[in-house]
Amino acid sequence: MESAWSSRGTSLGSSDPQLQRFMEAEVQKQRVQLLIHHMTELCWEKCMDKPGPRLDGRAELCLVNCVERFIDTSQFILNRLEQTQKARPLFSERLSD
């Protein structure tokens, strides 16, 4: 069913640029939500030994560090991808010369 939706979405998007941008934005939102869910699960498993009525200092610090490392890593990856994409057109141009 997903492939049927994807093929319909692709054909609609190619005929309507506004619809295509909307669909891309929705897919991006879904990816962000999945990433947040995964990060929450990962940090929870790493930092929470036994849930209680309040976070103790150690668990709070662990959660903060976990989220900060996740953000740092994500930013690093995005920067690296951006550098790679900037370098790719130069490489493609050299091949066509």
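Just so it is clear, glycine is given a Cβ too, placed from its N, Cα and C backbone atoms.
Of all ranges given (19-42, 43-66), Swiss-Prot attaches the label motif 'Twin CX3C motif' to 43-66.
Long-range neighbours of CYS66 (disulfide bond) (same chain, six or more residues apart, CB within less than 8 Å of its CB): MET39, LEU42, CYS43, LYS46, CYS47.
Residues near CYS62 (disulfide bond) in space but far in sequence (CB under 8 A, at least 6 apart, same chain), listed by position: CYS43, LYS46, CYS47. Of all Cβ atoms in the shown protein chains, 18 besides its own fall within 10 Å of the Cβ of CYS43 (disulfide bond). The local packing around CYS47 (disulfide bond), expressed as other Cβ atoms within 10 Å of its Cβ over all shown chains, amounts to 18.
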